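Colleague: For Ser85, the entry in Swiss-Prot reads active site, acyl-ester intermediate, with the evidence type similarity to another entry. The substrate binding site annotation in Swiss-Prot covers Ser143, Lys247, Thr248, Gly249. The compositional bias 'Basic residues' annotation in Swiss-Prot covers 1-11. According to Swiss-Prot, the compositional bias 'Low complexity' annotation covers 26-36. Per Swiss-Prot, the feature signal peptide maps to 1-29. For Lys88, the entry in Swiss-Prot reads site 'Increases nucleophilicity of active site Ser', with the evidence type similarity to another entry.
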Amino acid sequence: MADRRRVHAWARARPAAPEPAPPTPSAAAPSVAPGPAATPPDPAVEQEFTRLQTQYDARLGLYAVDTGSGESVAFRADERFAFASTFKALAAAAVLDSTTPQQLDQVVRYSKDELLENSPITKDHVATGMTLRELCDAAVRFSDNTAGNLLLKHVGGPQGLDAALTAVGDEVTSADRWEPELNSAVPGDVRDTSTPRALAHDLRQFVLGDALAEDDRALLTDWLRRNTTGGTVIRAGVPADWVVGDKTGSGYYGGRNDIAVLWPPNRAPIVMAVMTSREEPRAKRADALLADAARVAVTALG
């Protein structure tokens with residue numbers, strides 16, 4: 001039976017992946033495409049988010065949408081934050097969209113010199129290599145940095161990821177560098193940044209929309225639901241009987257992010273992206289802020 005996967009044009013001709021480049025001055029931010037009309041903000045909800053920013057001494061951005069009712073909650077949802085390791089879920093989606101099941105099981109070889117810090121899975125498989133399927137699992141579920149770079153390399157580097165996101169309607173996210181440089185999160189630098197609204201859009205397209213073939217959606221959803229790094233963020237702020245699939249990210253300047261699809265019992269899914277930052281380069285991340293913000297958002301959505 002013929003494979004019915006849609007392989008986008010960006011995936012058919014992958015340019016050679018460039019080496020990580022040294023920091024350069026900020027580029028101009030890409031234009032933000034207009035989205036659907038937003039739910040009018042609730043002053044009480046905005047006040048609660050503002051209070052959380054003060055409590056945690058951090059900048060908070062959040063976007064959540066009930067895919068059943070269309071109701072949304074937004075707070076600084078169109079401001080830029082460094083996306084950090086959340087990109088790994090999007091890169092995995094791009095890999096899925098550009099491969100057949102047989103190609104997913106092809107072994108990717110890499111050297112010890114390519115290993116990065118925070119590579120708990122790939123560090124144990126240098127001698128044997130790993131399949132693309134295994135690398136996606138390692139990147140999404142364990143936030144393995146080496147796996148993340150290998151996925152980027154497969155789709156044509158940051159430029160290839162940008163093209164894949166543009167194909168699903170994201171003209172906001174700017175993918176520019178590789179792990180670990182993409183985590184620098186210097187205020188005002190638009191490289192490797194996105195917005196809560198844009199990341200929520202991407203995740204919705206890949207997990208709930210038709211951007212991926214059905215079997216690819218199922219794979220990505222499974223990896224997100226079995227993520228091992230998200231227990232203290234969005235998952236901690238929603239009812240225990242909700243199913244959550246998420247991808248976290250952390251960077252300098254206290255950057256801490258989580259993008260998730262939430263499945264409440266007997267309701268349509270909720271898609272949520274929470275992004276945070278602080279003023280000092282070595283500031284600690286505040287996981288509890290993301291959990292508290294998620295709690296406020298789901299309460300507001302009812």
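Using the three backbone atoms N, Cα and C, a Cβ is placed for every residue, glycine included.
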Colleague: Cβ within 8 Å of the substrate site's Cβ centroid: which residues qualify beyond Ser143, Lys247, Thr248, Gly249?
Modeller: Ala84, Ser85, Thr86, Lys88, Ala89, Asn227, Thr229, Gly230, Asp246, Ser250, Asn257, Asp258, Ile259
Colleague: On a C-alpha basis, identify the one among Ser143, Lys247, Thr248, Gly249 that is nearest to the residue listed as 'active site, acyl-ester intermediate'; the candidates are the binding-site residues.
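Modeller: Closest candidate to the residue listed as 'active site, acyl-ester intermediate', judged by Cα separation, is Gly249.
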Colleague: Could you round the CA separation between Ser143 (substrate binding site) and Lys88 (site 'Increases nucleophilicity of active site Ser') to a whole angstrom and send it over?
Modeller: 7
Colleague: What residue among the recorded positions Ser85, Thr248 has the most other CB atoms lying within 10 A of its CB?
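Modeller: Checking each of Ser85, Thr248, the winner is Thr248.
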Colleague: Take the C-alpha atoms of Lys247 (substrate binding site) and Lys88 (site 'Increases nucleophilicity of active site Ser') and report the distance between them in angstrom, rounded.
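Modeller: Checking the Cα atoms of Lys247 (substrate binding site) and Lys88 (site 'Increases nucleophilicity of active site Ser') gives a distance of 8 Å.
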Colleague: How big is the gap, in Å, between the Cα of Lys88 (site 'Increases nucleophilicity of active site Ser') and that of Thr248 (substrate binding site), rounded to a whole number?
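Modeller: Thr248 (substrate binding site) has its Cα 9 Å from the Cα of Lys88 (site 'Increases nucleophilicity of active site Ser').
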